[in-house]
Amino acid sequence: VSVYVKVFTNSPFLVCMDLGLSQEEIIDPNYLWIGPDGKKIEGQIYVNLTETGKLMVMGFKESMSGAYTCTLSHKIIETDTQDETEVSEAYKFMVYAYREPDYTYKISVRFTTKECKLVANKQFFEELKRILDNILSDLACHVIEPSYKCHSVKIPKQNLLHELFITFQVNPFAPGWDEVCNHLPYDCEDETNKRVQEARDRIEEFFNKQIYTLKHDFQTLPTIHYVDHSFEVTRIDSCRPGFGKNDITHNDCASCCVVCDPGTYSPNNEVTCRTCVRTQIKQYGAKSC
C-alpha cells in the first residue's frame with residue numbers, strides 16, 4: 001500500500017490488519033513495527049503507536065520515507081481441544097513525503113497596433129511591464145520572461161490587422177519572498193501559491209478592465225489597444241529540490257511533488273527526479289548525485 005504524507009504533517013494511522021481480520025476476534029495480538037531503517041519503531045519520539053497496532057508518524061520529513069512493515073502475531077485456539085496455534089501476517093506500507101508544487105502562471109495577451117514597425121510598440125511594452133509589476137508589488141510576486149512579437153493577422157470579413165502577441169510569467173519568488181515565509185514554521189509553498197494565485201487574478205482583472213475602458217471612455221480607439229478575449233493563462237508547476245512529479249509511479253498523488261526515490265535526485269526546481277548513474281544514492285530526497 002502506498003501512502004503519501006505532506007511534509008511536516010502527521011501521517012494517517014497505518015493499520016496493522018487487513019479488512020478480513022478487522023471483522024474477526026483476535027486472541028493475544030502482538031504488533032511489531034519495523035521502520036525504513038530496519039529497526040523497531042516502538043519507543044521512538046516521532047511515532048504514535050496505539051495498543052491496537054495503529055501507527056502514526058508525526059512531523060513527517062523526506063528522510064522518514066520508505067517501507068514501514070508490521071507483523072501481526074496472534075493465536076488461534078481450537079474450540080474442542082483448546083489447542084493453541086501461533087500465526088502471523090505481515091503488512092507493508094510504502095510511505096512517501098510530498099509537497100505541493102510551486103505555481104507559476106504563463107500568461108499571453110494580444111494588443112492591436114497600427115503597424116509592426118511602430119516605435120511606440122516597444123515603449124508600450126515597457127510601460128505595460130512596469131504597470132504589471134506595480135500591480136503585484138505587495139505580493140512578493142513579479143513578472144518574468146516578458147516578450148512580444150508583432151504579427152499581421154487576417155480575420156474573416158475584416159482588413160489585415162497588426163497585433164502584438166505578448167507573453168510573460170507571473171512568479172511568486174520576487175526579492176523578499178523568503179521574508180514573507182519567515183513567520184511560518186516550515187517551507188511555505190501554500191503561502192506562495194496563494195499569493196501567486198492572487199497575482200494571477202489581479203492581472204486578469206486588469207485586462208478585463210481594458211475592455212470596459214475602451215467601450216466607455218474612448219470615442220476613438222487608441223492606436224494600441226487590448227484585443228477582447230485574448231487573455232490566456234497556463235499553470236506551470238515546479239518542485240523543490242529533492243522532489244519530483246511522476247504520474248506513473250505515483251498515480252495516486254499525480255499532482256504532488258513526491259520525494260525522490262533512492263537512486264534518483266533533483267538538484268533544482270524542475271519537476272522530475274533524475275537517475276544517478278555515478279554513485280549509489282540510498283536515501284530519499286537526494287538533491288545531488
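Cβ coordinates come from backbone N, Cα and C, glycine included.
Annotated features, as they stand in TrEMBL:
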- 1-88: domain 'Ig-like' (DOMAIN)
*Any idea what the model's mean pLDDT is for the domain 'Ig-like' (1-88)?*
89
_DSSP helix/strand/coil residue counts for the domain 'Ig-like' (1-88)_ = 7 helix, 38 strand, 43 coil
